[in-house]
Structure formats: C-alpha cells, structure tokens
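According to Swiss-Prot, the features are:
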ACT_SITE  20  active site
ACT_SITE  68  active site, proton acceptor
BINDING   20, 193, 207  Mg(2+) binding site
BINDING   21-25, 33, 37, 65-67, 69, 71, 188, 194-196  substrate binding site
C-alpha cells in the first residue's frame with residue numbers, strides 16, 4: 001500500500017474497517033481459508049502504515065467477531081495461532097512507529113498464550129502517543145453495550161451514581177474506546193452492505209463506505225477513495241444543511257432541495 005498522503009481539511013480522525021473477504025479471496029485461488037487470513041494480515045499492516053502516514057488519530061480493525069466462533073474448529077484454531085504470532089512479532093514495529101495498541105473485546109475466551117501476548121503488547125505500547133490502533137477481537141457491539149450496562153449497574157448498586165443521573169455522556173464511559181475521538185468513517189470490504197454487530201454504539205453518526213474489493217486486495221487506492229468520499233460529505237448530525245438553513249430562515253420551510 002502506497003504511502004501517498006491525502007490532503008483534505010475534512011479528513012476523518014478515526015476510521016474503523018470491517019475486514020471482510022479473506023476466505024473468498026483464498027477460495028478464488030484454490031487455497032485454504034488460512035491463506036486468505038495470512039494475506040489479510042499483510043493488508044492490515046499496509047493499512048496501518050497508510051493511517052500513520054496520513055496522521056489519523058485512530059484506526060480500528062474488526063479482526064474476529066463474537067460470532068466467528070461458529071466457524072469450523074480448525075479455522076478458529078488457525079486464526080488464534082495467527083493472531084498470537086502476529087502480536088508477538090509486531091511489538092518492535094509498534095514501538096518503532098509509536099503505535100498504542102488496544103484489543104477491544106472479551107479476551108477471556110482466548111487461550112492463555114494469546115491472552116499473555118495481548119496484555120504484553122498493550123502494556124509495552126501504553127505510553128505511545130502516535131496512532132491509536134484498536135483490534136476488535138471476540139468483539140460484538142451488543143456485548144459491548146451489555147458489559148457497559150453491567151458496569152454502570154454496579155456503580156448504581158454501590159451508590160456512586162443514581163439511575164436518574166444516567167445519560168449518554170456518562171454511559172459511554174463504560175464502553176470500548178470511550179477515551180478516543182468518535183469513529184468518523186466505517187469502511188467495509190468484501191461487497192456486503194451491513195455492519196455485522198460492529199461498534200453499534202460508537203458508529204451511530206459515522207459515515208459508511210462499502211467496496212466490493214476483498215480485504216487482501218485492499219490498497220491505498222481504495223483507502224484514498226473512502227477518505228475522498230468522506231471529505232465530500234456534509235455531516236449534519238440531525239441538523240439541516242447550510243443551504244436549507246438559509247432557506248428556512250427566509251421562508252420557514254427547509255423542504256426545498258433538501259434530503260431528509
């Protein structure tokens with residue numbers, strides 16, 4: 001993936017990617033699915049370099065969903081070994097590139113070796129202040145919200161907070177990535193047009209970009225296209241756009257030439 005820099009004033013700060021298509025990529029080449037996952041790791045490395053070069057604040061990669069346990073046992077086993085190997089070998093690169101790594105998801109379900117690598121990688125990179133790299137592993141958006149509810153329920157039980165004090169602002173402190181800037185853009189590869197239980201709370205106002213390109217073929221061109229698409233959009237967050245606002249001030253009717 002090229003290190004081409006994107007020059008935009010309206011550039012996303014936090015991009016999340018649903019990395020879909022590894023298995024189909026391998027099948028198209030007559031290979032086992034694990035070959036697709038290994039190729040996907042290389043695409044992830046290139047995407048991280050691209051994010052660093054373009055000064056993103058955060059990049060979140062959806063690596064393994066809570067639903068992926070339903071896949072064949074051998075594939076799951078291969079993925080766990082691959083994840084362990086990648087983490088163990090990437091620590092020096094994370095330090096060199098000032099990357100702060102965070103694994104979001106229920107890591108208690110992983111084997112002890114993988115849990116050890118996760119904790120080690122997070123500890124070593126904790127003080128880095130460059131790219132915030134989040135890897136969603138054994139993650140589900142519903143799980144995230146539920147574990148947040150459980151945490152805030154404990155606060156209520158202890159009398160730290162009262163039920164009528166709970167609002168969006170303080171609830172979001174109990175879910176993943178609460179310390180980071182919001183997700184501006186979600187990219188999904190592989191041709192599917194859905195979010196697959198990914199960051200349900202965090203992407204409430206995110207822009208979405210879908211591409212038919214399978215993840216191992218994802219490159220700087222597609223990444224740039226996604227950012228360019230984002231830069232052209234007007235994010236209204238429930239408000240009307242500036243043109244409609246002027247019409248409304250004049251006529252009291254914002255329906256002309258507007259999209260609801």
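Glycine residues also receive a Cβ, built from the backbone N, Cα and C atoms like all the rest.
If you take the Cα of residue 37 (substrate binding site) and the Cα of the residue listed as 'active site', they are about 10 angstrom apart, rounded to a whole number. The Cβ of residue 25 (substrate binding site) lies under 8 Å from the Cβ of 36, 39, 40, 214, 215, 216, 217, each of these being in the same chain and 6 or more residues away along the sequence. Of all the recorded positions given, namely 20, 68, 207, those whose Cα is no farther than the 10 Å limit from the Cα of residue 188 (substrate binding site) are 20. Ranking the binding-site residues 37, 188, 193 by other CB atoms within 10 A of the CB puts 193 at the bottom. Between the CA atoms of residue 23 (substrate binding site) and residue 207 (Mg(2+) binding site) there is a gap of 26 Å, rounded to the nearest whole number. A gap of 14 Å separates the Cα atoms of residue 68 (active site, proton acceptor) and residue 21 (substrate binding site). When the recorded positions 20, 21, 195 are compared by Cα distance to residue 207 (Mg(2+) binding site), the shortest distance belongs to 195.
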